[in-house]
Amino acid sequence: MIVRFLCWLTGLLLCTAAYALPQRVISLAPHATEMAYAAGMGEQLIAVSAWSDYPPEAKKLEQVASWQGINLERILALKPDLILAWREGNPQRPLEQLANFSIPIVYLDAKTLDDIPASLRQLATYSRHPEQAERAATDFQQEIGRLRHTGEGQNAASLRVFIQFGTQPLFTSSQATLQSQIVSLCGAENIFSDSPVPWPQVSREQVLRRQPQAIIIGGSPDKIASVQTFWQPQLAVPVITVNEDWFSRSGPRLLLAAQQICSQLTALSPGSSSAK
């Protein structure tokens, strides 16, 4: 009788735990959507933000947010039991209003590379497949560790890199950003790592004074020629391209950006047989 009771109680607890998981999740940022899928929450998502295009299944979901704002009325009509948000990218007032309706909000605001596996583990507590979240977090950590070890061994700190966003105006990133941290991970030096703001606007003259030895841009290789033309004749250095979505979104695919950048920087490092 006792054994039967314990079995019944165990089953009840398991059912209660499963029932407590959110069933109707809304993501308000592309990187949050990617994080949710990586954490095994894809089947729990009911709506996403604009530009949530990865994985491909995300494009089939209703969009309730964009750069223009959050569709508060539609979100409330969908009756979510969890919202994944982004402090820097989502307007705060509608988020406060959603919180007033007692809708739980999880903020995914990675500031460092280590924050990404931490966020995946946080999402594991809401996922029907927590083991998938843990596996994604572990894989990310291990590969970042490998790249860090390789970068330290390259002795490439003398390779000065300019991370370029746009041309007119011209923006870059400081060490406070994930993009700059990737450059450091690869053993190189971001020439504007010391900027007091994360995304400084810089002038052509400021870049030239700091004498970069390579430029990193987000986009496809067909952009290289226009970037080289922009800097000629004062600056003629290699231009490295990286998939823009990988590089700009603070999600699991940032690891792919790191692999791509580290590989290309290694080829340019002093002592490399590929260095020119």
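Glycine is no exception: its Cβ is also placed from the backbone N, Cα and C atoms.
Copied from Swiss-Prot, the annotated features are:
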SIGNAL    1-20  signal peptide
DOMAIN    24-273  domain 'Fe/B12 periplasmic-binding'
SITE      Glu73  site 'Important for BtuC binding'
DISULFID  Cys186-Cys262  disulfide bond
SITE      Glu205  site 'Important for BtuC binding'
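The CA atom of Cys262 (disulfide bond) is located 27 Å away from the CA atom of Glu205 (site 'Important for BtuC binding'). Of all the disulfide-bonded residues listed (Cys186, Cys262), Cys262 has the fewest other CB atoms within 10 A of its CB. Predicted-model confidence for the domain 'Fe/B12 periplasmic-binding' (24-273) is 95, expressed as mean pLDDT.
The two recorded residues Cys186 (disulfide bond) and Glu73 (site 'Important for BtuC binding') have their Cα atoms spaced 45 Å from each other. On a Cα basis, Glu205 (site 'Important for BtuC binding') lies 48 Å away from Glu73 (site 'Important for BtuC binding'). In the three-state DSSP scheme, Glu205 (site 'Important for BtuC binding') falls into the helix class. The local packing around Glu205 (site 'Important for BtuC binding'), expressed as other Cβ atoms within 10 Å of its Cβ over all shown chains, amounts to 9.
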